[in-house]
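Structure record follows, encoded as C-alpha cells.
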C-alpha cells in the first residue's frame, strides 16, 4: 500500500485539495464528518494557508486537515513576505506534516503566481526532501491567466525557477490560460480546472496502488517525471459505449484537449510517457494496446504502460514529461516585460513625487 501526502498550499492549492476531497468523499458536504476517503492507498491531505478566510471557505476538507500559519493574514502576492513567513513558522508546519507519518509519494499543489503558494512551496519542497529522503516529491504547478497582472507573472517566473532549483522529482504543469478556453468565464474555469486536476491525480494514485494486468509503479512514474525538462503534464480520456475503441482512447488521452498543459506529442514535445488503461476486460485487447503503445514510441522516447481491469468503459491516463515547452518561453518573455514595467512605474512615480517635493525646498512652514 502506498503512503501518499497531498499538500494544498495557498488559495489555489487549497481549492484543488478540496476538489480532491470532494471526489474522494463522494461529493456530500457532510460526508467528511463520517465517511472514509475513497482511496486505495493511505492518503493524508493538508491545506496550508496564511489567510484564514481561504481555509474557512473549504467545503470538503475536514478541520483537522486545515493548517493556518499564524500571525499572517495573507501575504498580498508578496513572495519576500511569504518566504519570511515560512521561515518563521517552518518548524510548526513541518511538525504538523511529520505527525502524519512516513510517505512514499508527496504532491505539493499550488499556484506559482500568488503569494503564499509561490513563496512557501519551493522552500517546503526543499525541507521535505531533507526529512523524507526516500519519498518522491512532485509539485503540481498551476500557471496563471496571463491577464491577471504583472506581479502574478513575475511571481510565476521566479517560483518555477526555484522549484527546478530545489530538485523536486519532476513537476506537473497546469495552465489556467490554456484550459480557460474549454470553460468559458473565469469563475467556472477555476471550478472545472480544479476538478480536472483532482480527477487525474486520483486516477494516478489508484493506478499506482492497484493490481495490474500489465504493471506500472511509482518507480516508472518517477522515471517519466525526471525525463526531458523535468516538467510534465497529465492527460485523460474516458470512452463511452458508442465508441469504446481502446486505441482511440489512448490517442485521445494524448491530444491537447485532454492535457492540463498543451503539448504537441506528434511534434516531439513529449520525451517519456506512462499510459494507464482501465476498463472492463472485454474492452482491453492487449494486442491492440501493445500496437498503439509501440506506435507512440515513434514520437515519444520511452512509454510505460499499465493495464487495470475494472468494470466500465475504457479510461486512460497519460503522464508525459516534456522535451520542449514553447508556452513557458513565452511566459518568461512576458514576465521580463512585467518586471521592467513594474520597475519603470515605480521609478516614474517616485520621480514625480520628488519633483513635487522640490517645489517647497526653499520654503518653511508658517503658522
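All positions are counted from 1 along the displayed chain.
Glycine residues also receive a Cβ, built from the backbone N, Cα and C atoms like all the rest.
Database features (Swiss-Prot):
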BINDING   11, 12, 13, 14, 15, 111, 115, 116, 117, 148, 176, 194  GTP binding site
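All features noted in Swiss-Prot, drawn onto the structure.
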{"residue": "11", "record": "GTP binding site", "CB count, 10 Å": "23"}
{"residue": "13", "record": "GTP binding site", "CB count, 10 Å": "29"}
{"residue": "15", "record": "GTP binding site", "CB count, 10 Å": "26"}
{"residue": "115", "record": "GTP binding site", "CB count, 10 Å": "26"}
{"residue": "117", "record": "GTP binding site", "CB count, 10 Å": "32"}
{"residue": "176", "record": "GTP binding site", "CB count, 10 Å": "21"}
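The full span of the recorded GTP binding residues, 11, 12, 13, 14, 15, 111, 115, 116, 117, 148, 176, 194, taken as their largest Cα to Cα distance, is 19 Å.
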